[in-house]
Amino acid sequence: MVGVFEVGTVPFNPDGWAPPDNPNPLPNHPTNVPFAPFSRSDKLGRIADWTRTNNNPSRNKNPSDAVFDFTGDDSFGGGAGIAADEDPSFRLVNGKPPPRPKFGPKWRFQQQRQLPQRRDEEVEARKREAEKERARRDRMYNNNRGSNMPRREAASFKSSVDIQPEWNMLDQIPFSTFSKLSFSVPEPEDLLLCGGLEFYDRTYDRVTPKNERRLERFKNRNFFKVTTTDDPVIRRLANEDKATVFATDSILSTLMCAPRSVYSWDIVIQRVGNKLFFDKRDGSQLDLLSVHETSQEPLPEAKDDINSAHSLSVEAAYINQNFSQQVLIRDGNKVTFEEPNPFANEGEEVASVGYRYRRWKLDDEMYLVARCEVQSVVEVNKQRSFLTLNALNEFDPKYSGVDWRQKLETQRGAVLATELKNNANKLAKWTAQALLASADLMKLGYVSRVHPRDHFNHVILAVVGYKPREFAAQINLNTSNMWGIIKSIVDLCMKLNEGKYVLVKDPSKPQVRIYEVPADAFENDYMEEPLPEDEQVQPPAEDASGGEASAVATDVEQKEATAEA
């Protein structure tokens, strides 16, 4: 049976389209019942009001939406027209006020109730804060290295050689290209061994800051820093066509570690026929040892200051020479080689040093010969091992932030890490020289001043040994990259015409430049004014107590005698 749906009477409104204001009520429909929506957000009651205007344009971006919006309509009697937070009839279930912040005396008392830290914990906390601050300064320094900000110290970044106006610049090579180079060389062969070596005194391995040893002075022992073309053995090997390229280990290590250098340096290049000679000038920076070169802490600019870059370089060379002779057993027992020291006169007392003239194969038609040095020898199980001896020097703990006397025994790794940061180039060059000489061990001595303001008297605080290859890996020194730099520079120089050139590290930019110079450049009568570097080979003045001058003076006198010969 189909039901019948009855539609009630539809009232007629003659005045409009909407129902009349007082329509006839439907049957069974309650009257005078207010509209009460289930939720305040329900928009019921009207479909649309086309007579409304958009009173709040920012609320409804589309004006036509206003005819459907009744949230602000007062006709709903305080329901939808009032926001939830303004509705007086709206109440939270939990009427507790929100908690107030704990300020005032009560909060301070709670902070003080914590137990005080132990003293060693306080020290560790301060240490961590200092490390964070140092790391922050390192980041700022590294970020500013490539910018146009002023460098750390203008006095230390002068060119190592005066660039003359008649010199012709041929090329400039940024260090960024060096980092991509790689070249592998076969194992070298020894062509000749000269000189004599004394045995290493192993008692120095047990030296600690508590039983330090006074650094002795060896004024009577002569040290030689002879350049490549002044070496009679290299001249003989060149005449015998043993190689195409000739150099020394100090020159090769400078080139190999060039990207780590900050101070300026220069190397003289001579192209003679089909041969290439890498030389250093008399009084060159290569004769000295840089100190605090890669540190961010500035050194005093005054050259007369004992902590200036120049004074520290002379002091470091003096310490290094004396240290290399003190840690030996000086009983006359020596290991002698095929030929005596080629630079010493008969009867002259010379330092313990062995020269290994070694040859590397660069390609099928090109060989490189270099003079490499070792300073000592040890004998273990009837097997001899060659050693290189070098000394790091502490001049003032406030510059490095690490006091060796307090840290060497308990935190030796932290001391070495600080030195690797402040002297990255010097340590890399020492490692490269040990690798070139195939030394079995490299000994690093930690030498400090007796007092920070006394640069004449020093003590040995510790001696540590490292295997060169392991130490190279530790300091991220890649041998393939080192030889890649040498090979690229040799290939570049072999394309040059016969003549004399100089390779200069830019004093303010990470790059090297090649200049073509006259044939009589760097000779004694070439320049009317002496080079600034001539001052750097002068020994330090005698101290008030009548101390002896630096052993560097002996080195300079010997070099002058060799040059005259």
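Glycine too: its Cβ is placed from the backbone N, Cα and C atoms.
Residues 15-40 are the range that TrEMBL records as region 'Disordered', among 15-40, 197-222. Looking at 75-89, 150-164, 285-299, the range annotated in TrEMBL as region 'RNA gate' turns out to be 285-299.
Secondary structure counts, DSSP: the region 'RNA gate' (285-299) has 3 helix, 0 strand, 12 coil.
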